[in-house]
Amino acid sequence: MKKVLAIILGGGAGTRLYPLTKQRAKPAVPLAGKYRLIDIPVSNCINSEITHVYVLTQFNSASLNRHIARTYNFSGFSDGFVEVLAAQQTPENPDWFQGTADAVRQYLWLLSDWEVDYYLILSGDHLYRMDYRLFVNRHRDTNADITLSVLPVEEQVASSFGLLQVDHSGRVTAFSEKPQGEALTRMRVDTTDFGLTPAEAAHKPYLASMGIYVFNRQVLIDLLKQSPQSTDFGKEIIPMAATDHNVQTYLFNDYWEDIGTISSFYEANLALTRQPQPPFSFYDEKAPIYTRPRYLPPSKLLDCQVTESIIGEGCILKNCQIQHSVLGVRSRIESGCVIDNALLMGADFYQPFAERDHKIKNNSVPLGIGADTIVRRAIVDKNACIGRNVKIVNKDHVEEANRESEGFYIRNGIVVVLKNAVIPDNTVI
């Protein structure tokens, strides 16, 4: 894979994931107790022996830069790297990134310097495990100009994706972005041609683009230069290229989740606790997911009842109930608490005992979850200070609310407590 250069698209402002993206880029959003979203595509690259990786981003990239710099340091005997390329204004390009294709176009001067055969374009907000070597080999074996990774999907969700029609060789013959009604029906394909059983094909009669592409080097350069007004791969570049280029497909029939919204992010995290078999597992020695080593002590559980949950490193839990939840590193939960169907991201630091004691004596709220608090169907961002006898339960069943001044939002019926928020004692949300 020495002839492959990976380009991970960090995405835009992350408005669908707000407020989790208020102070961080979308790829830097914490995941599964100890990881960040960017760790997924980068780990897939490393496990696929692709070690030349750029990450393109333009919003709130400080924490992403810090995470990548601390995590992905290849040895001095390797030429591998993972490097962030932030949007910048130049005399030739006075605007910020206008879309996925425009982001790559603005850095063509750098990307084209690499003597590679293929560019691998990836997204920074998907949860999946893929061996990109199989993807690139499919591209090479079919003499393709462009290859798209596609996913068989059922009709209920098909209109949320860019859909493809293909011939029996797997070549793309038509492309439609998020079709509805009759246009959706016309995009049905026989997925048994891709190895699905008749029963699976009947359930999943559509092929959806995953937003993951392999381009021949010169093909990508030519397409971006010939169409300077085209800013998006899925909506413009790929449909245009399908008319006169060999655009092939690679079927990925495994777990894949676009976690670009609060609802999908919440569900994907809690699905990791599902028994007996979660849809995605971080416990795979052959293809591990890497992240920054923190050298934290083991978690300490004092008289706790924990059911179907994931507890990160360095947590301190006292006489509490944890049910179907994910707790991030350094989470602290006091006695009498109930954490139910919740995602707690933990903390960036430990608060010394003397400081905690001083805050409690002065009726202030220390870091963590205070005694006798209930957190149900919620996301609590890092470094939140939740007081005693607080109830975060969305008691009025609100779907959407902006209470930023009070330290929380409600998105899709899920309460999201902001990073560094302080929720006073006896608050009911």
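Every residue, even glycine, has its Cβ placed from backbone N, Cα and C.
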**Study point:** Same-site residue for alpha-D-glucose 1-phosphate (record: Swiss-Prot; known: Gly162, Glu177, Lys178; options: Ser149, Ser169, Ser209)
**Key:** Ser209
Review point. For the alpha-D-glucose 1-phosphate binding residues given in the record (Gly162, Glu177, Lys178, Ser209), what is the largest pairwise C-alpha separation in angstrom?
Key: 10
**Study point:** Output field, alpha-D-glucose 1-phosphate shell: CB within 8 Å of site CB centroid, site Gly162, Glu177, Lys178, Ser209 dropped
**Key:** Phe161, Leu163, Phe175, Ser176, Pro179, Ala208, Gly234, Lys235
Check your understanding: What is the Cβ neighbour count of Ser209 (alpha-D-glucose 1-phosphate binding site) at a 10 Å cut-off, with all protein chains included?
Key -> 21
